[in-house]
């Protein structure tokens, strides 16, 4: 629980999505690490973030509000932990509260003695057999999606000379960051929350460049952490626009790592995700988004893929609303 300060927000007073993602990850890391060290005879470990499922930003959070973050373990496999995290904002002047985020994260326990060793997870007790079956289904689905995502992770974002406004090249952005001790866990690897905050920062720059208005994070598609990033590495976070609807923008973000310190290894893809942003007026109302101009065949292909994800999400949301109306 903490109050949102000016350095947590953009110029319009809306808290950065990356700040909220960082708080979510910290809560998930604490509860999963506690659970994985709950057996007296177990080997000491730290839970490392492997994946964040799709996360919707249900309501904006503003400067001066208090963020309340709660976490619960909902499923354990042999080597992973599923954590459900809820974020609620509280206006301390009026007492009004609202849910801003619901997120699902997956962690794996890594030994303190050997960072490449994944330990077994203590099982949890389920209230009903159905809860365990549903959790197992979610586990298998995310495992398959992680594999598919890693297989299509060969893209590289190149700079474009004199790009036209509203093209992919015009808004694409990159950020280079040296990983220091304050970015890392006890094992010397980057906190997942630190990485997600940097990814949101880059995606936000891409969105702002495209529409030149106040923008806020609307949702984040599944974030897959493919490989660990060591202390001393130089990471490049790159973002590009892939799709626009009338009121939203999808931005693909990569994190590539160069292990410069005592590592002969080549650059590798560490994390990938899709962020969705909306454009807001000064009154906080949605504004139309300029249409993305695609130029190459790859850009057109990515646009169609993004459109498919957009329509799928829209259909799922409409089905949920209809189901809620019937209940």
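Just so it is clear, glycine is given a Cβ too, placed from its N, Cα and C backbone atoms.
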> For which of the residue intervals 264-295, 296-327 does TrEMBL record region 'Disordered'?
Replying inline: 296-327
> Same chain, outside the region 'Disordered' (296-327) by at least 6, Cβ under 8 Å from its Cβ: which residues?
Replying inline: 168, 219, 221, 242-243, 245, 248, 250, 252, 274
> residue 10 (active site) has how many other Cβ neighbours within 10 Å of its own Cβ?
Replying inline: 16
>> Just to be sure I understand, if DSSP states are collapsed into helix, strand and coil, how many residues of the domain 'HotDog ACOT-type' (169-283) fall in each?
In response: 26 helix, 54 strand, 35 coil
